[in-house]
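Working notes, structure below.
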Amino acid sequence: MSLLNCENSCGSSQSESDCCVAMASSCSAATKDDSVGGTASTGNLSSSFMEDIQGYDVEFDPPLESKYECPICLMALREAVQTPCGHRFCKACIIKSIRDAGHKCPVDNEILLENQLFPDNFAKREILSLMVKCPNEGCLHKMELRHLEDHQAHCEFALVDCPQCQRPFQKFHINIHILKDCPRRQVSCDNCAALVAFEDKEIHDQNCPLANVICEYCNTILIREQMPNHYDLDCPTAPIPCTFSTFGCHEKMQRNHLARHLQENTQSHMRMLAQAVHSLSLIPDSGYVSEVRNFQETIHQLEGRLVRQDHQIRELTAKMETQSTYVSELKRTIRTLEDKVAEIEAQQCNGIYIWKIGNFGMHLKCQEEEKPVVIHSPGFYTGKPGYKLCMRLHLQLPTAQRCANYISLFVHTMQGEYDSHLPWPFQGTIRLTILDQSEAPVRQNHEEIMDAKPDLLAFQRPTIPRNPKGFGYVTFMHLEALRQRTFIKDDTLLVRCEVSTRFDMGSLRREGFQPRSTDSGV
């Protein structure tokens, strides 16, 4: 560590009858074998080809033996169970029968409870090993029942819904259907290039705004969206009313004949116009005149309101400017008072100041990201009267030469209230300490003592609020040492500075601390 002068800041089965003990033993012996040979999902085949509450509705080859038929649904046993009276049923069928028809066997009406049913794994394995035909039309594949579901998932003859028209088609044909035959396949309009469904293309063609159409009057070919303007403004043979139709002329003619009509009927048109003007002059209190007067009165009222609103806006603007000036003065007063309070607090330190640096984890993260971290403490006084000082903490970057990942700590002199009454340059001893915040009886603080060097600029009377020259340690403490003890608590680092001027320097030496040798400052 070196002391340097620094430059500017950087439902199981419960009972069985005797007649079923042998069968139960046989079933349990077959359970392990069946669980290995079968597929776990085969017992609950997809409902796409059979109902969950009934047996297997598939075609067996050879045909299914009657001993494997459920007496209730008359299909192959699904999840076969056996009763104490020796009959076999689909598990779902017999449970539904017991709950709906009562606690009795459907075959012999013997008393039967649900907890008396036990799985017939022997029959289940036998049934799952039977050969069945694929139920999809056109597929000739045969397989064991246990493999039917897997086959169904990949069978090219299985029916799937077209994603466009929702109609079912066999899987091998669906792609051809989507591309060539589907009425909802997307096709491009030859005129506007818009994508439309094939079955809607005819309707789109009849309304496409860019389709070519022929004018019914002059046979000119235009695109559809231009046709309305063509009819209203350009078509030479479109029928239009006379310009004086409002005044009583009811003639209609082709647009290219309008000029001749106006020329030939000038006198009659003038008579119509004169009659219309004369009629208006005879009705001074007509609805139009009354409406105009109402509009004029409304406009006059609105103009008056507008003037009043303008006056109010001007008054409010003037008041706002006055208030803004007043608020600015209050803010300046508050800042002045805050500075005075801070100055008074700084004077109460009597040479011992503890600097609390919060959010220190954020500063460490910035240092790891190689962002410069330089923090200044508030000012504090060595006494009253006394010198005003502050501390500067600098987290050196990982790439810094000779001081990488170190905490640098410096002291700066500041302009204070008593500078004119104090001897300069500053002379005294400064103890810098990073406090151990652990709960241990004996705390191991990290501290250093340095003597002021009056010949350095760092201890001359400052000519600006804070002396840019500082004095302290470039390698005060390594960041690894900072993490080894509880120097950081609640994301806060505590730095203590104790200053003894030349009037009370003996106190530090009596405690046994001797200042370390220093390097010449810049």
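Keep in mind that glycine also has a Cβ here, set from the backbone N, Cα and C atoms.
Marked as region 'Interaction with TAX1BP1' by Swiss-Prot on the basis of similarity to another entry: 1-354. The zinc finger feature in Swiss-Prot is assigned to 70-109, 150-202, 203-259; the stated evidence is sequence analysis. Annotation source Swiss-Prot lists SUMO cross-link at K124, K142, K453. Annotation comment: Swiss-Prot describes K124, K319 as ubiquitin cross-link. As annotated by Swiss-Prot, coiled coil applies to 288-348. Summarising the annotation, Swiss-Prot assigns domain 'MATH' to 350-499 and lists sequence analysis as the type of evidence. Summarising the annotation, Swiss-Prot assigns region 'Interaction with TANK' to 355-522 and lists similarity to another entry as the type of evidence.
Shown on the structure are the features that Swiss-Prot records.
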residue	record	CB count, 10 Å
K124	SUMO cross-link	26
K142	SUMO cross-link	14
K319	ubiquitin cross-link	10
K453	SUMO cross-link	18
Can you tell which of the recorded sites K124, K319, K453 lies nearest to K142 (SUMO cross-link) in space, using Cα positions?
-> K124
Coarse DSSP state, helix versus strand versus coil, of K319 (ubiquitin cross-link) | helix
For K142 (SUMO cross-link), just give me the three-state DSSP call.
-> strand
What's the CA to CA span in angstrom from K319 (ubiquitin cross-link) over to K453 (SUMO cross-link)?
-> 59
Where DSSP helix means H, G or I and strand means E or B, what are the helix, strand and coil counts for the zinc finger (150-202)?
-> 21 helix, 12 strand, 20 coil
By DSSP assignment, list the helix, strand and coil residue numbers for the zinc finger (203-259), in that order.
-> 24 helix, 12 strand, 21 coil
DSSP-derived class (H/G/I helix, E/B strand, else coil) of K124 (SUMO cross-link) | helix
Cα of K124 (SUMO cross-link) to Cα of K453 (SUMO cross-link), in Å and rounded, measures 100
